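The annotation active site, proton acceptor is assigned in Swiss-Prot to 363. Sequence annotations record features per position, and here Swiss-Prot assigns UDP-N-acetyl-alpha-D-glucosamine binding site to 11-14, 25, 76, 81-82, 103-105, 140, 154, 169, 227, 333, 351, 366, 377 based on sequence analysis. Under the heading Mg(2+) binding site, Swiss-Prot lists 105, 227, citing sequence analysis as support. Here Swiss-Prot flags 380, 386, 387, 405, 423, 440 as acetyl-CoA binding site. The annotation region 'Pyrophosphorylase' is assigned in Swiss-Prot to 1-229 on the grounds of sequence analysis. The feature region 'Linker' is assigned by Swiss-Prot to 230-250, with sequence analysis given as support. For 251-456, the entry in Swiss-Prot reads region 'N-acetyltransferase'.
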């Protein structure tokens, strides 16, 4: 039984040489966020009183990227093994709390498995997460006597008989702070690697008569670490497959689960259909009967009931009411809002603008910093000229306005209800209700005109 108080140590000091990258290994993204963030999130969900993050290589970048004031940063200046890393964190351990040891490059460890490990830890003993492998080569072996764990021996230090053992150490364990500090102080580096192994505390605990309980993870992928990009990509696919399966079982129709990426959180209604190669980032909310076409990217957006997003459309920080249609090849940038029944067609970009109920922008337009009323038609090629090189200005368009093709609205400008803007017009002054505005150069016809001929 674990103590009521629990803190977590996350080892994240490694350079990750085999990643061949300037980025610290634990900052490489999995499902849209750094590997180590997955581990931090798990620790927080467990209710850890403190999270101690042991860092070394790329420490400043780690601090800048994670920017979490609740983390306690512990420097491991030299990487001399897992035991040495824990020794750096040991001064922060309270005697009466449990200490759970995790790894920043083992990102898929589940809260459920960790809760079982904490619950299984004997009073005053150690809880150890282990797995059995068909090919345990390279891993530390769990040594038992009469069924009881008595030690862990690393592969390089193991005898031939010990190498036949198929139960291996995952590195994840929990022990109480008082005993753990004492055992850490007794570690030495008299081994093939010349490092301080955290695994040596198992033999020390056994010598003290402490019980050591083992727990297996629900899935092997939970304890798989990342040392190179191949392993990272494999875990990415494992994670995405799991997310896709959960969505399918919850009623979301993924037309090809192997070509769907969830890099955040998806909240959804009923009868959702998502085509291939769709990417979900941040927190996305989909209402009932929403249809998402192939190749779309949705980030931090809300899409109302019965709306359809056609292929290759990008939505970021946008909000759509019910029965909206967007795309194909449209882009809604932060602050874009579509009222019920609004339509945005191909190659239309909307930024920090609201399109009113039933309004349409069908083709090739830019609408930025604008408030557009209900029942408005935005003709092809319309641009709200919102920026003078220094400041942004707003365009306001009332209800039932017809804006002809190739119109430029030079903000700040207001077009009142019912107005009509002729094609090719540049609007520089406010337009009153029900006015027709046209600004064009007089059309000239020259008979018999001959185009210039290139000199040979």
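Glycine too: its Cβ is placed from the backbone N, Cα and C atoms.
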Tertiary contacts of the region 'Linker' (230-250) (same chain, 6+ residues out, Cβ under 8 Å): 19, 28, 30-31, 35, 107-108, 221, 224, 257-258, 260-262, 266, 268
Densest Cβ neighbourhood among 227, 377, 386, 405 (binding-site residues), 10 Å radius: 386
Listed recorded positions among 14, 81, 105, 363 whose Cα sits within 10 Å of residue 380 (acetyl-CoA binding site): 363
Same chain, 6+ residues apart, C-beta under 8 Å of the C-beta of residue 423 (acetyl-CoA binding site), given in sequence order: 379, 404, 405, 406, 407
When distances run from the Cα of residue 227 (Mg(2+) binding site) to each of the binding-site residues 14, 386, 440, the nearest one: 14
Separation of alpha carbons, residue 81 (UDP-N-acetyl-alpha-D-glucosamine binding site) and residue 387 (acetyl-CoA binding site) (Å): 57
Length of the line joining the Cα atoms of residue 333 (UDP-N-acetyl-alpha-D-glucosamine binding site) and residue 386 (acetyl-CoA binding site), in Å: 15
Helix-strand-coil residue split for the region 'Linker' (230-250), DSSP-based: 20 helix, 0 strand, 1 coil
Cα-nearest neighbour of residue 105 (Mg(2+) binding site) within the listed recorded positions, 11, 81, 154, 363, 377: 11
Lowest local Cβ density among 363, 440, which the record lists as recorded positions, within 10 Å: 440
Assigned conformation of residue 14 (UDP-N-acetyl-alpha-D-glucosamine binding site) - DSSP reduced to three states: coil
Nearest-integer angstrom distance between the alpha carbons (Cα) of residue 14 (UDP-N-acetyl-alpha-D-glucosamine binding site) and residue 386 (acetyl-CoA binding site): 49
Three-class DSSP secondary structure - residue 440 (acetyl-CoA binding site): coil
Residue 81 (UDP-N-acetyl-alpha-D-glucosamine binding site) versus recorded positions 363, 386, 440 - nearest by Cα: 386
Sparsest-packed among the binding-site residues, when each Cβ's other Cβ atoms within 10 Å are tallied, from 105, 154: 154
Pairwise Cα distance for residue 440 (acetyl-CoA binding site)/residue 377 (UDP-N-acetyl-alpha-D-glucosamine binding site) [Å, integer]: 20
